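J.: My structure is below; once you've seen it, I'll send some questions.
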């Protein structure tokens, strides 16, 4: 487990069972807090100034990796196994691509993606992007909706920034060729979704993410300063220590097609690798969402926050309720967008009783956490497998125009959504927590920026408002550009730097033998399923201290069993393989979620505890996980490479 889990705000925070009181806090080392009674910061202006100043030198300290102004470098390959770029971007969703297009104006960019470039959470996003574009709407209204949905754990400054800058980010997408739906008056058609008090969802039917991904990816592939490396799995970040400062210099990757390790050395790294939906057995996320970025950042000494807040989307398609059953199980659950309820969809149990008004006066338009818990309660009380979402009372042409993708998918399996209700069930959807970031995407690791689902910016609080995810990714990807380019211009790289870290070794038949590799892969698949079942059973929509401590114990036992098998069969600290590296990241993220959940003794937003069923004002504070100790951690929590303490500016 993480070495330290704590919660903190401007009034008090909790660390290792002790309570400290003050008005602010900052870091004095990698594992302790210091209280400062003289300032009263918000999430962004205070806590992140502490992160930025104490851990990152405010991007102006004369620490070793920062030098006088340097020129952008050309993309250099010292060998096929080492590449040098000004910027490395890990992830090819909306955050990574939008950032890459901007920083490419200043230098060379490597975009590293685990699968095909389009295979990201962005590509699966159906609903849209929320933005204040209607004269009847206002930034204040969008802010209020965001903070109410987030159970008032959101940072107000972050919320204001995102809601204010959102409309301009939409206009930029349109200028880049993204095509969104328009109404009969020629203006953008703005939909409404749960938790929103106004129509403000910009969308492209029910395939908004796919359209945004198309436009951005087309621009990226045509940019001469950007190189896209597909099928490259990010293993671990490359870091060095300068006093108390951790500095990021790039990333090691595994070329999945050639089974070779490729090292990327860069002046700036953006982590935009998405979420960790596959710690659960049913998720709307694609197979690539195994928490790689969050786990890598944690191992690299980045601060992690609010991991207990896992959003379960209330309405994923329940395949067992379809007239024509699937021949093989899906790799990820098919999402039924929030917009169906926003357009008037009604939820019924299998007895055709409408139930949402019983739980919340907002009924089907309540925030996702409320709707998911309500459905979960119905399923448990009635011992049923799914509920029904009915939109068939709306005009057929309107349904098919707004939800063509959903209609087509359901029709494949014998269900006509214009006449029949849709069977739905909650599924893991979005991580509201992640790598703690400031208003410019900065982290406590110098040279490492984050954007998108991998980040915890303070926007979502305890529950994300529908269609705020793509919005956040766009805003923070753009805000990270200026500090990134400034840092790039002040940073020089050693062309010999690649050899300053131990290189990972690929698990091959020559190294371990075919039989051993087959056994390891088989066990890893089995352990992955077991971990997912533990997370769903004990760390799902409704939790308790007993369930969480049970999960903690079972995960530790499962991880020990898996790691023991590996290392008894010739595995070593630096050995890598795709299945094993994904498993280590899933273990790491699962432990972060459980640790955070155990630290929050209240029910707030997505975190509902049966033994702490009420919101407590004194606990309206973020959960913080400090870096773990590499000497006592399991393999999933240790970096593969030895950290170099030497300067990387020898040239």
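Each Cβ is built from the backbone N, Cα and C atoms, and glycine gets one as well.
Feature annotation from Swiss-Prot assigns transit peptide to 1-74. Feature annotation from Swiss-Prot assigns FAD binding site to 92-95, 114, 121-128, 292, 453, 469-470. Swiss-Prot lists 193 with the feature site 'Important in orienting the L-aspartate substrate'. Per Swiss-Prot, the feature active site, proton donor/acceptor maps to 368.
Burial and contacts for the listed features, if you can.
T.: Listed in sequence order, 125, 430, 452, 453 are the same-chain residues six or more apart from residue 469 (FAD binding site) with CB atoms under 8 A from its CB. Secondary structure at residue 469 (FAD binding site), as computed by DSSP, is helix.
Sequence-distant contacts of residue 193 (site 'Important in orienting the L-aspartate substrate'), defined by Cβ-Cβ distance under 8 angstroms and a gap of at least six in the same chain, are 127, 128, 130, 201, 338, 339, 341, 342, 365, 466, 467.
According to its DSSP assignment, residue 368 (active site, proton donor/acceptor) is helical. Within its own chain, residue 368 (active site, proton donor/acceptor) has 149, 194, 195, 311, 312, 313, 314, 338, 429, 463, 464, 466 as residues 6 or more apart in sequence whose C-beta sits under 8 angstroms from its own.
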J.: In DSSP terms, helix, strand or coil for residue 128 (FAD binding site)?
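T.: Assignment for residue 128 (FAD binding site) reads coil.
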J.: Say we define neighbours as other CB atoms within 10 Å of the CB. Which of the binding-site residues 95, 125 has the fewest?
T.: 125
